[in-house]
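Participant: Before I ask anything, let me first share the structure, which is written out below as structure tokens.
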Ligand SMILES: [Zn+2]
């Protein structure tokens, strides 16, 4: 569905054959978040209470209701944290409704937030710790071919590259992301276009609205191909493989004379992959595609069948 191939030949799968992994799945505690609360990066647990009355316009010392046990309390983030993370002897009742799974998620959130606060500024190879070094407007105005502006442009180029490199190293991104055409075009577009006060998509936007938007976009693009299935018929192609995280994946493609479409990949972790399991998967895919359209099912002769 996307145009690039995984260039290292393995299955890191930005293209069609990836499955949901934990980073895109919904957190268990999601249903307890307030949505509109005064959520901030440093005090993430505010999201799990409903602020009823905040003093002097801030949530600093507020009246709040726990979204888990629905009880009302008052006080600062220190008390919110003690209540939700079930920290005893902090002068507040610990929450009776926060189970150990919820506790793990919320502790992680809190820990990451604390780490963020403590993180130190590591200087870039370009000699600055500043993420946005001040731009010398005078240098910039002297046209594009003066020696000063050339020097400035090289400096900015260098700094941008150093920041991108830092992104890769700090997030552990695979180096072949550098070959991803969308990665390249994102930065060239950003460098060539002056969008004032632009902020890149947030963690939440990426995993919710933008993901949905891209999915429906792709679905819309695939629809003309699906429309031909009724007339020309479609073959289901399925194969099992193991991805880099050693998950047993079973993928399904629908192929017709107008082209192949990736349908889905099932993570078979923890399943007993016998013929009944496989047969049921194939049956459900046939149902999704429309039984009247399916001409044949193609698979390898895995020992399981
Ligand atoms: Zn509670």
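Placement of Cβ uses the backbone N, Cα and C atoms for every residue, glycine included.
So TrEMBL has the following annotated:
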COMPBIAS  1-26  compositional bias 'Low complexity'
REGION    1-36  region 'Disordered'
COMPBIAS  27-36  compositional bias 'Polar residues'
DOMAIN    201-303  domain 'DUF659'
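Situate these features within the shown structure.
Facilitator: Within the chain carrying the compositional bias 'Polar residues' (27-36), a Cβ under 8 angstroms from the stretch's Cβ atoms is held by residues 47-51, 67-68, 101-102, 105-106, all 6 or more beyond its ends.
Taken together, the residues in the domain 'DUF659' (201-303) have a mean pLDDT of 89 on the 0 to 100 scale.
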Participant: Per DSSP, what is the residue count of the compositional bias 'Polar residues' (27-36) in each of helix, strand and coil?
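Facilitator: Counting residues by DSSP class gives 5 helix, 0 strand, 5 coil.
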